[in-house]
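Taken from TrEMBL, the feature domain 'PA' applies to 54-125. What TrEMBL lists as transmembrane segment is 153-176, 197-222, 228-250, 271-288, 294-311, 323-343.
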Amino acid sequence: VTADEGILHASGSGVPPVTKDYCIIYNSNWISLPKSLDNATFRTLENLTSTVLCNSSEVPSGLMKDKAVVVMRGNCTFLEKARIAQSSGAKMLLIASKPRLSPLSDNKTDFEDVTLPVALIRYNDIVDMQLMLGSEVNVTLYSPPLPEFDCSMVVIFLIAVFTVALGGYWSGVAELENLKAIGSPGQRETRRKKEENVTFTPLTVILFVVICCVMLVLLYFFYKWLVYVIISVFCLASAMSLYNCLAALIGEIPFGQCRIACCNKNIEVRLIFLAVFCIAAAVVWAVFRNEDRWAWILQDILGVAFCLNFIKTLKMPNFKSCVILLGLLLLYDVFFVFITPFITKNGASIMVEVAAGPFGNSEKV
């Protein structure tokens, strides 16, 4: 099965026409799309999302002739929809999906008699198209070639290096401040406990890896329930981490240090507002996490904060613990990525299945 990403270019009927691009999924084994707009043919969009087009009697005769038709995803196959649309004179078939987009996976040989382009698009994008461009919309499909060098990989690399470097620097500065401020070993140990650092001994390292293995297996079998537990844990941990990161920065600013008494403690007002902001950021991500346009930015920010706080909090007491941790994590990755395909019934890698989600696997969905 080959799934390819493409672009739907939509143009409104205004003067000058308003245009907008939307993501689509299509199968290049069935039909090839133009590589640019210069060679693309525009078609008038006929919105038939009130039907799933599993029966030719669902659409009045002549309504689809020479048009791009959009219908809802239903119980019948893409092939059945395509044949009905083609027999009715349609020149393009768009299938709107309310769930996230997944690969189109019918057999290539079955589509030998189908000549019109078939693509999968989000239903929310169809709604947005009608709101932004009006009722009369012309659309076309094209699939620009992938660049030889992906610049986004450089951005990902820089984010990763920046996170590790900054986390290590923060941890080192905190340890140096402990050594400078406190001369007594007993007082130093007391301050370390107040900072809530976690020390990885060989025993806790083994326990940590075992918990990772158990959680991964449970996610593989009970994904649709446990994924919400993981989301909740991520929201809680990332909100706390973002608070710790920003509180360290705010602590260097000599303004807004007024305090209020609460529960026999004096708390800075600015820290209360900071806590509310961090909780709100995590809640906003949880609610809008499937919004493809901007939710990933907030997720990256929360993820970087989580990693920074984890690196600063985690203490490796000796080289032995480092070797045990990295050695066990290597075995963990190799087993769940490369060995589990020989064990699972469908030949799937447990790690890949959990990381990519169950989309396209009807049993898990």
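Heads up, the Cβ atoms here are built off N, Cα and C, so glycines get one too.
TrEMBL entries are annotated by machine, without manual review.
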Cβ contacts under 8 Å made by the transmembrane segment (228-250) with residues that lie 6+ beyond its boundaries:
170, 219, 270-271, 274-275, 277-279, 281-283, 285-286, 289, 301-303, 305-306, 308-310, 312
Contact set, same chain, for the transmembrane segment (153-176): CB under 8 Å, 6 or more residues outside the stretch:
195, 248, 300, 304, 307-308, 310-312
Would you kindly list the residues that approach the transmembrane segment (323-343) from elsewhere in its chain, counting only those six or more residues past its ends and only Cβ-Cβ distances under 8 Å?
200, 202, 205-206, 208-209, 212-213, 216, 316, 349-352
Within the domain 'PA' (54-125), count helix residues (DSSP H, G, I), strand residues (E, B) and coil residues, in that order.
19 helix, 16 strand, 37 coil
Remote residues contacting the transmembrane segment (294-311) - C-beta distance under 8 A, at least 6 residues beyond either end:
159, 163-164, 166-168, 170-171, 234, 237-242, 244-245, 281-282, 284-285, 288
